[in-house]
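Reviewing the structure listed below.
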């Protein structure tokens with residue numbers, strides 16, 4: 001891993017500076033780095049394995065007609081994350097002498113893509129790793145893919161009679177589905193289904209903890225949380241199960257404190273409360289034996305190791321240690337056998353393995369070129385020219401007076417407004433208005449280039465930089481590929497994957513392809529904080545400028561939508577080979593235009609026929625030549641088969 005170090009010589013820029021700037025040595029763990037050529041590399045097997053240069057990989061994928069935007073899925077990273085998770089719990093179990101083991105499950109909702117779930121099931125078989133389902137459709141996936149009789153199928157979510165009956169029948173297939181009671185009325189459904197089929201499911205109860213959480217998913221716990229039983233409801237459920245002769249099937253307690261726990265103290269409090277509930281259920285006669293601590297094992301998106309929304313103040317080993325130690329302490333005090341531990345750590349497992357790569361289509365910036373002065377310019381334009389001259393003089397002073405900069409900027413804004421008012425009233429023409437805008441931006445650029453590093457800089461002057469930034473047009477839809485950036489303001493690491501031996505010379509943000517003002521990436525990680533501009537390079541003519549969004553393997557693909565009918569991108573599953581090279585295990589083609597049209601109930605053949613009929617009519621009227629009509633139809637036919645994104 002490249003370590004952060006400032007450049008040693010004045011004006012010299014190195015890959016170490018880029019590594020520090022984008023935080024790669026903080027959030028990249030053992031997987032992502034920068035080589036001496038300034039290109040991002042991925043080491044899917046961690047520090048012990050070989051690395052791949054992403055730009056080289058992209059060039060070879062282009063040779064296979066697989067162009068950006070692309071999702072690169074590194075299945076070796078999935079395997080490495082599974083190994084790390086089990087190793088952490090094994091270490092904790094050995095350290096504390098915990099007399100049971102850990103056996104996790106993957107929540108299908110994190111990434112429901114078939115190849116992803118299949119890969120996790122295959123890799124996880126050595127640990128009897130199972131799946132968690134939160135719906136009837138996800139239950140069917142779990143039943144079909146998990147054929148290990150020792151692996152758990154945790155059945156969460158709302159349940160009707162058919163859901164529960166399916167789990168009972170699946171148990172007779174040799175599977176281990178555990179129906180987790182999350183609503184009080186599910187107790188009656190379980191009893192009814194058991195009586196109907198003459199068999200019972202394995203049963204768990206989700207507790208609604210009183211402990212308060214924090215962050216975006218803080219409402220996952222507490223008295224008003226969506227799922228779980230309150231303490232009175234748990235006691236009532238035990239009574240009903242006892243009366244129905246089903247208490248012996250109650251083997252699991254489950255709780256959940258949010259998708260991303262950023263503060264380990266929240267988990268500790270939840271573990272203490274849940275452990276007490278567990279021993280009480282055992283005391284009431286339930287066999288128990290299993291404690292599911294839910295999801296929440298967090299991902300440090302910015303590498304700051306802080307209790308912020310984009311980070312965590314604990315490591316994986318801290319997490320495993322606290323789970324094991326807290327539960328053991330409580331059970332030991334009450335002389336209850338410690339349970340088998342289960343977690344639903346989907347975000348931790350799947351975030352790192354997927355990288356979204358997109359190309360920049362172009363850029364735009366504010367107009368700062370100054371028009372040649374003419375003799376009959378209006379007063380506001382003359383005043384703006386004079387203000388710009390004053391700014392040049394201020395900036396040539398040995399010590400720049402910020403108050404003078406502020407005064408000049410206030411003048412520039414007033415003169416610009418004068419020009420706009422004159423244009424609205426018809427006193428100046430479009431050319432003079434354009435000149436006024438150019439001069440105003442030239443004033444802004446002059447101020448931004450000479451602002452001293454002073455904490456007392458007025459906010460109005462600090463905001464100038466934001467107005468001068470470049471907009472980089474990205475060949476993606478954030479609503480399809482990064483919906484959490486829009487929906488919950490999630491931060492993901494973004495950076496160029498090449499040219500990192502060069503010092504960035506621009507500040508910018510990204511605008512996507514959608515016709516939506518929310519379609520942008522304008523918030524970026526910044527070592528525990530966030531920034532609204534990203535350091536980027538000037539895009540060179542006739543050269544690709546590739547950007548990578550990292551740590552997006554959980555939820556982004558499955559929650560994306562078809563806004564403006566931009567569909568899924570191509571997804572490539574990549575594995576390292578023993579000779580140090582790589583192979584493409586799976587190529588999952590993204591949506592074509594025909595696919596997304598069909599999703600909205602537009603039949604491609606019908607659309608094509610309507611265009612053909614319109615062309616024929618135009619031919620009859622003499623407004624369209626036959627060869628041009630054929631060319632149009634061929635264009636449409638080809639376009640229907642192609643990606644919804646722009647072609648390189």
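Just so you know, glycine gets a Cβ as well, placed from its N, Cα and C.
Annotated in Swiss-Prot:
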{"type": "MOD_RES", "residues": "109", "note": "N6-(pyridoxal phosphate)lysine"}
{"type": "BINDING", "residues": "291, 292, 293, 294, 295, 296, 297, 298, 299, 300, 301", "note": "substrate binding site"}
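All features noted in Swiss-Prot, drawn onto the structure.
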{"residue": "109", "record": "N6-(pyridoxal phosphate)lysine", "CB count, 10 Å": "21"}
{"residue": "291", "record": "substrate binding site", "CB count, 10 Å": "26"}
{"residue": "293", "record": "substrate binding site", "CB count, 10 Å": "26"}
{"residue": "295", "record": "substrate binding site", "CB count, 10 Å": "26"}
{"residue": "297", "record": "substrate binding site", "CB count, 10 Å": "26"}
{"residue": "299", "record": "substrate binding site", "CB count, 10 Å": "22"}
{"residue": "301", "record": "substrate binding site", "CB count, 10 Å": "24"}
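The CA atom of residue 291 (substrate binding site) is located 21 Å away from the CA atom of the residue listed as 'N6-(pyridoxal phosphate)lysine'.
When the alpha carbons of residue 295 (substrate binding site) and residue 109 (N6-(pyridoxal phosphate)lysine) are compared, the span between them is 12 angstrom. Reduced to three states, the DSSP call for the residue listed as 'N6-(pyridoxal phosphate)lysine' is helix.
Distance between Cα atoms for residue 301 (substrate binding site) and residue 109 (N6-(pyridoxal phosphate)lysine): 20 Å, as a whole number.
Among the binding-site residues 293, 297, 299, not one has a Cα within 10 Å of the Cα of residue 109 (N6-(pyridoxal phosphate)lysine).
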